[in-house]
Amino acid sequence: MTLPSPKANFYADLDANLNGLRTQGLYKQERVISSRQGAEVLCDDGRTLLNLCANNYLGLSGDEKLVQASIDATRQYGYGLSSVRFICGTQTVHKQLEQALSAFLGMEDTVLYAAAFDANGGLFEPLFDEQDAIISDTLNHASIIDGIRLCKANRFRYAHNDMGDLELQLQAAADKRHKVIVTDGVFSMDGTIAQLDKICDLADKYGALVMIDECHASGFMGQTGRGTHEHHHVMGRIDIITGTLGKALGGAMGGFTAARREVIETLRQKSRPYLFSNTLAPSIAGASLSVLNMLLSSTELRDRLHANTAHFRHHITQLGFTIKPGTHPIVPVMLFDAPVAQQFAQRLYALGVLVTGFFYPVVPMGQARVRVQLSAAHTTAQLDQALAAFAQVGRELGLLKNQE
Ligand SMILES: *Cc1c(COP(=O)(O)O)cnc(C)c1O
């Protein structure tokens with residue numbers, strides 16, 4: 001008999017863990033799309049699906065003008081830089097995009113990253129150390145949590161969106177040198193908008209900085225789409241903004257941090273994902289620049305997104321579904337029970353509507369849901385088609401409050 005080698009044990013353990021995920025219903029399956037991203041997508045099984053689960057808020061992911069802008073930038077600047085920024089990876093298009101983002105967000109300066117995950121991962125360690133305090137919402141994004149882990153600052157956590165607890169944590173951190181409050185501008189599971197007006201007041205009272213992650217806000221929150229700081233009328237009071245180019249602002253990939261000059265200069269000198277990772281592809285920088293120009297010339301896309309959101313929120317409630325109240329294009333349709341949420345998403349899929357079911361441990365026990373995300377690319381007819389599918393599945397599963 002041959003004894004299993006330590007290596008064989010390693011692979012066997014991985015398989016056992018993967019099987020565990022499958023039996024617990026936690027295994028994530030990838031759908032394969034063979035078309036561009038958009039309101040409708042073609043899947044590799046030949047079916048066309050109405051897509052209600054992309055972060056394609058402004059509908060730009062498959063937009064012809066952006067495809068052309070990325071081709072134009074590729075022709076001018078080439079395919080890539082084969083370099084990090086500080087060696088030979090900075091082109092005029094990167095500097096132009098940094099300036100345009102600063103102007104759009106109302107901040108002094110901006111530094112680009114390959115992803116918002118990197119922007120958050122490389123933010124805290126260069127700026128704060130063991131003398132300082134980071135005060136973070138418990139539901140902040142994984143990349144913020146990881147970024148804070150890489151930093152030696154003292155960690156304080158406040159209960160999600162709880163301003164009373166935030167104040168207690170600020171008091172607990174009173175003897176620390178620098179203090180920074182850290183929050184998602186919008187939280188992705190519920191579409192909850194952080195109370196930035198109150199957060200800025202508390203920050204002023206306790207001499208703290210404010211950092212927000214605007215991944216689910218940049219491009220469409222606020223009157224002209226600048227973000228949650230515009231929505232809450234606190235532009236000029238936020239110290240640090242991180243965000244993505246991979247959601248509303250085009251949908252390719254890439255991230256950024258915007259702040260005062262001293263912060264951005266420090267990040268360019270010390271932030272590890274910036275120093276040790278390749279520069280953003282010129283095609284993305286060029287196309288992102290056209291996105292910002294598009295948003296400056298008209299709020300049409302942002303306005304259509306909010307009209308679509310209002311339409312869907314109104315009619316889904318009329319049908320008798322329970323949603324998390326709010327105004328954000330993330331609309332959690334609450335089904336509470338995990339198997340029901342799973343079944344619901346599967347039935348919608350069969351009817352040609354793509355949504356994601358979320359259940360414990362991604363959301364709290366008993367809070368299972370399907371999460372809908374609206375897009376400016378959806379037509380009213382498509383939304384009504386989705387609503388009809390929701391109604392049908394709701395009736396089939398006996399879930400509608402208003403059912404006669
Ligand atoms: C999506 C997201 C990120 C990561 O963005 P990428 O650019 O895809 O890395 C970070 N923070 C929040 C809140 C997000 O929703």
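Just so it is clear, glycine is given a Cβ too, placed from its N, Cα and C backbone atoms.
Because TrEMBL annotations are produced automatically, they should be read as predictions rather than curated entries.
Because the structure is a prediction, the values reported are computed rather than measured.
The annotation domain 'Aminotransferase class I/classII large' is assigned in TrEMBL to 48-389. The substrate binding site feature in TrEMBL is assigned to His141, Arg371. Summarising the annotation, TrEMBL assigns pyridoxal 5'-phosphate binding site to Ser188, Thr244, Leu245, Gly246, Lys247, Ser277, Asn278. The N6-(pyridoxal phosphate)lysine feature in TrEMBL is assigned to Lys247.
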Top Cα neighbour of Arg371 (substrate binding site) in the set of binding-site residues Ser188, Gly246, Lys247: Ser188
Contacting binding-site residues, sequence order - Thr244, Leu245, Arg371 vs ligand 1, Cβ under 6 Å: Thr244
Let me know the most crowded of the binding-site residues, choosing from Ser188, Thr244 and counting other Cβ atoms within 10 Å. Thr244
Look at the binding-site residues His141, Lys247, Arg371 and tell me which residue has the greatest number of other C-beta atoms within 10 angstroms of its C-beta. Lys247
Extent of the pyridoxal 5'-phosphate binding site in Å [max Cα distance among Ser188, Thr244, Leu245, Gly246, Lys247, Ser277, Asn278]: 28
Could you say whether, by DSSP, Ser188 (pyridoxal 5'-phosphate binding site) belongs to a helix, a strand or a coil region? coil
Within 10 angstroms of the C-beta of Leu245 (pyridoxal 5'-phosphate binding site), what count of other C-beta atoms is obtained when all protein chains are considered? 30
Take the C-alpha atoms of Asn278 (pyridoxal 5'-phosphate binding site) and His141 (substrate binding site) and report the distance between them in angstrom, rounded. 23
Using Cα coordinates, what distance in whole Å links Leu245 (pyridoxal 5'-phosphate binding site) and His141 (substrate binding site)? 16
Would you mind ranking the binding-site residues Ser277, Asn278 by how many other Cβ atoms sit within 10 Å of each Cβ and giving me the lowest? Asn278
